[in-house]
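Undergrad: Please see the structure below; I have some questions.
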Amino acid sequence: MGLLLGYAILRPSHPAAPAILVAVLEATITVFLADLVIRFLCAPNHPKRRLLPVGDQGARSIYQTAVVAASLTAATLGLADLLGALGTAYDPLIALVLPISTAPFLYLLYRLWSRRPAMAHALNSHLGLGTRETPTLILGLSLVTLYLAGLWLSAAAATLRQEPGTGLRLLLSLFLSAAVPLLALMLRLPIIRFYRTSDEQADSKAALRLMRAVWAALMVLTVVATAFIWGFDPSTHIGLGGIVLRLLFDIGIILLLGYVGWELLARSFDRMMATNKVGDARTAQRMATLLPLVRKFLQVVLIAIVAMIVLSSMGIAIGPLLAGAGVVGIAVGLGAQSTIADVLSGVFFLLEDAFRIGDYVEVGNLRGTVEGISLRSLKLRHHRGAVHTLPFGQIKALTNLTRDWSLMRLEFRVAPDTDLDLVKRVIKGIGRELEADPEMGPSFIEPLKSQGVRRVEDDAVIIGVKYVTKPGEQFVIRREAYQRILKAFKANGIDLVGRGVVVRVDDAQAGERAVGFAAAQAIRSVLE
C-alpha cells in the first residue's frame, strides 16, 4: 500500500495515479474509522472508560476481531480497485479477488468458533440460559455462519453482475452485523438496572427474558436490513412466498414489541410499588390499592391494541369488528347490569378512597381486613381466617376502622368505697409506662388516662379509661393495658366487682335456715 501510495504521489501524471490514491485513502480511512469506533466502545486499555459491559479480556478480543476484519475487508476492496485502476482484465481480476475476499469472512468464523467456551460463559451470564447454553450457542453460531456465507455469496453475485456500489454495501452489511451485538451489550446494562432492586444481587429472570427478546429482535432486524441493503424487498414480491414472509415478519415484530411493552409495563409498576413501600405509609397503602388495578387495565388495553394491529397486518378490516364488538358490548351490558353496577360502584369507592389494602372495615354484619380488590368485588379476611367476597354493588354502607386514628374505651367495675384518686394515679402511671415502651410508645396519639366515674350502679362504680392510637394498633395496646391495669389494681388493693345479685342477711341463723330450706326444696324437686 505504501509503495502504491508513493507511486501515485511521485508519478501524478500517470493515468492510474488518482485511482490508486483514492483506493489507498479509502482503505486507510475505513480501517482508521473502524479502529476509532471500536476503541471508543471497548476501551481495551481503560476499563473505567469502557461503554460495553465486558471484561478486559473480552474487550481486547472484540477490539482485535473487529479491527482485523475491517482491515481485511478494506484491503480486499482496495486491492480490487487498484487492480482495476492498473488495467487488469475483468476475468483475471475476478478470479483473483473472489478467493481473497473470503479472508474477512473466514477470519470472523474462525474467531467465533474458536472462542466457544468464552461465548458460552457470556451467554449464560448475559441471557441466563443455564443448561441450554451449549445448544443455543451452536444454533447461534450456525445462523451466523449462514448469514456470513449468504453475505459473501450476495457480494460475489453482485460483483459478477458488475453492479455498482458492491464494496460499500458489503462494508455496510459487515458494520451492521458487528453493530447489532455491540448494541445488545450496551442495552443490557440499562435493562438490568431497570429491573434490579436495591436488595437484589443477581439479574432477575424477567430482565434475562427481556434481554433474550432484545437479541432475537435485533437479529431479525439485522437480516431484514441486510436484505434491503442488497436490494431484496419482500413487499415487491407478489407471490405466495413473499406474502407469507411479509406476514410472518410483521406479526413477529408486533408480538415481540408487545412482549417488550408488557415486560416494561409490569416492571414499571413493580418499581413504583417498591418505591412507595419506603415512603409515606398512607401513600404506600393507597398505591398498593390502585396500582394493581391500573396495571391490569393497561395490560388489557395493550393486549387489545396488539390484537388489532395483528389483525390489520393480516389484511382484516378492524372497523367492522369494532362495530360488531360495540353491538355485542351493548347486548352484554343489558344482560349483565348487576356486574356493570358492581364495577361502577367499585370505581366510585376507589375514587373516594373509602378503603385501602390492609384496612379493617365493617360491612353490615361482616368485618375483616381488606385483602384484595378486583374490578367488581372486595375480599375481606376475617380475623378467624374466613374470606368474605362482597360485590361492590351490594355495599350500601361501609365503616372503616383503620383510618387516621382509633379511640379505645375501657371500663372497670370497682367497689363503691374504692379510693378514686388512687385509681387515677395508678392508671396515669401505667399510661406513662406504655408511652415509654419502645414498641408501643410510638403508636400513641393520646396517652392512656382515666376518665373518672362514668356511671354508678347498685353495687359498683364504673371507671372509664381511654386512649387514642394509630389505626390498627389499638387492639395490641388494649391487651397490654388490661394486663398491666389488673396487675396494678391487685398490687394496690383495688378490688373489681363482678356482675351478680348480692343478698345481705343481718341474722346469721336466719341465713342458715334459708339455705337449708333451699337445699330441701332442691332435693324434693329432684325426687319428684
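The backbone N, Cα and C atoms fix where each Cβ goes, and this holds for glycine too.
Bear in mind that TrEMBL entries carry predicted annotations, made automatically and left uncurated.
Reproduced below are the annotations present in TrEMBL:
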- 20-41: transmembrane segment (TRANSMEM)
- 62-87: transmembrane segment (TRANSMEM)
- 93-113: transmembrane segment (TRANSMEM)
- 134-158: transmembrane segment (TRANSMEM)
- 170-189: transmembrane segment (TRANSMEM)
- 210-232: transmembrane segment (TRANSMEM)
- 238-262: transmembrane segment (TRANSMEM)
- 297-322: transmembrane segment (TRANSMEM)
- 298-337: domain 'Mechanosensitive ion channel transmembrane helices 2/3' (DOMAIN)
- 328-351: transmembrane segment (TRANSMEM)
- 339-403: domain 'Mechanosensitive ion channel MscS' (DOMAIN)
- 410-495: domain 'Mechanosensitive ion channel MscS C-terminal' (DOMAIN)
Undergrad: Same chain only, please: residues at least 6 beyond the ends of the transmembrane segment (238-262) with a C-beta under 8 Å from a C-beta of the stretch. Say none if there are none.
TA: 210, 213-214, 216-217, 220, 224, 299, 302-303, 305-306, 309-310, 313-314
Undergrad: Let's see if you can do this one: DSSP helix, strand and coil counts over the domain 'Mechanosensitive ion channel MscS C-terminal' (410-495), in that order.
TA: 38 helix, 27 strand, 21 coil
Undergrad: Helix, strand, coil: count each for the residues of the domain 'Mechanosensitive ion channel MscS' (339-403), based on DSSP.
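TA: Taking each residue of the domain 'Mechanosensitive ion channel MscS' (339-403) in turn, the totals are 16 helix, 24 strand, 25 coil.
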Undergrad: Same chain only, please: residues at least 6 beyond the ends of the transmembrane segment (93-113) with a C-beta under 8 Å from a C-beta of the stretch. Say none if there are none.
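TA: That would be 61, 65, 68-69, 72-73, 76, 79-80, 83-84, 119, 141, 144-145, 148-149, 151-152, 155-156, 159-160, 174.
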Undergrad: With the transmembrane segment (20-41) as the reference, which stretch in 62-87, 134-158, 210-232, 297-322 has the largest tally of C-beta pairs below 8 Å?
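TA: Looking at each of 62-87, 134-158, 210-232, 297-322 in turn, the most contacts to the transmembrane segment (20-41) are made by 62-87.
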Undergrad: If contact means at least 3 Cβ pairs within less than 8 Å, sequence distance 6 or more, would you call the transmembrane segment (134-158) and the transmembrane segment (170-189) in contact?
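TA: Judged by the Cβ rule, the two regions touch, with the required three close pairs present.
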Undergrad: Would you kindly list the residues that approach the transmembrane segment (170-189) from elsewhere in its chain, counting only those six or more residues past its ends and only Cβ-Cβ distances under 8 Å?
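TA: Same-chain residues near the transmembrane segment (170-189) but 6 or more away: 30, 41, 51-54, 62, 66, 69-70, 73, 77, 104, 126, 147-148, 151, 155, 211, 214-215, 218-219, 221-222, 225-226, 229-230.
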